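Shown below is the structure under consideration.
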Amino acid sequence: MIRPSKIQNRRRRGLLVVGTAAAVLAGAGVVQAQAAEEADVLLSYRKPATASTFQDDGACSSCTADKVTDQDVTTRWATSSTEGWVDPGWVTIDLGASATVHRVVLQWDAAYATDYQLQISDDAQNWNPIYSATSGPGHREDLTGLDGTGRYLRMYGTARSNGYGYSLWDFQVYGTGGDPVTPPQPVADIDLPATDLVFSDEFDGPAGTTPDPARWRADPGTGQNGEQQYYTDNKNATTDGAGNLAIEAREETPPECAGCRYTSGRINTLNTFTFTYGRAEARIKVSGTQGLWPAFWMLGANFPEVGWPRSGEIDVMEHVGKVPDATYSTLHAPAYYGGGGYGQPYTLAGSDFADDFHVYAVDWDATKMTFSVDGHEFFTADKETVEKTRGPWVYDHPFYLILNNAVGGDWPGAPDSTTRLPQRMLVDYVRVYQ
Ligand SMILES: [Ca+2]
Ligand SMILES: [Ca+2]
């Protein structure tokens, strides 16, 4: 609606035999045949990094080298736009002590290296290649079977994918030795289908009841994206007495905004309910007419701290009045957002979604999200596919629910002479299962 597992590879490092047959025969010892197995761990987390140059401007603010080791796929290193869009370009991680490297994961930005080496060194002076690419594919490259020893590892790029520089969201190094810092534990995955009801609102109150403050808070103010409405403090969001919440868009100038011509409602669960993974569903009868833009969607709960699109956005359902017979499900992240979001429409040709209630849902776990309308699964966003084709997957943390009914804006366009107001978006229920 805003438009513009720490994997541990276990490697058997050889069989260590302690004791001898002779010792057994003598009764003086015990034969121990044990697998001396040393686990590969993430060696690069929070390790210092340096780079040929870094970018710090409006296009990429504070895109310093340490952003490749922060285990945050919404931050990136990039070479300087004024002096760094040249070859070679490099970023070096100091692993803190000598390490043996077995695996590297690179999550590139659109500005990636087609030709590059991974080089290792004991002194950051003399480098030995442990991997060479001559036609690197960019996006996510998971390089296994590596074998090199040293304290410093660098990506040394010699050819760029486009006219820009080099940029990495993440540069993960796995192996043994070094001086590893234990990374944060990932959120526990769940098994789908999710069937335990953990949040619900059936909106069964008497007519005129505002949303339960234990579940929802109004989010008053103007909208983004060139929207024209003013969202009131629940004056436009009340139950209809028939089991639904009605979010009503009206043509009126609110006292809070002298320049506004429309009012509507927007509510969310940021301060009352957030969740990671599960099924979120709502039964909704969207509003129609030119210029209307009802939505059921989610933002990362870290939105107040990191902003958008770093928070991530999951649009379970959006509808624009000018396209009556389609709804849309879309993901937004720092590498793909706005008109470039990752999504699909669901179309019932010739129908008008504003004519009836439909159930809009997402089933979300650590590997994928599947979107459905009335049980028809029409779009699956697969984590691995997204990482290999679009960019980082930024949905492994808590999100909160949002309902709103926008008027105008870049996507639906402004109301015109055909627009009929007021218009109600009716929500029969919202339920979340885990
Ligand atoms: Ca990062
Ligand atoms: Ca209901």
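Just so you know, glycine gets a Cβ as well, placed from its N, Cα and C.
According to TrEMBL, the record shows the following:
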SIGNAL    1-35  signal peptide
DOMAIN    30-176  domain 'F5/8 type C'
DOMAIN    174-434  domain 'GH16'
REGION    203-232  region 'Disordered'
Please average pLDDT over the domain 'GH16' (174-434) for the predicted structure.
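The answer is 97, the mean pLDDT of the model over that range.
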Summarise the domain 'F5/8 type C' (30-176) as counts of helix, strand and coil residues per DSSP.
4 helix, 84 strand, 59 coil
What are the helix, strand and coil residue counts for the region 'Disordered' (203-232) according to DSSP?
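Helix/strand/coil tally for the region 'Disordered' (203-232): 0 helix, 8 strand, 22 coil.
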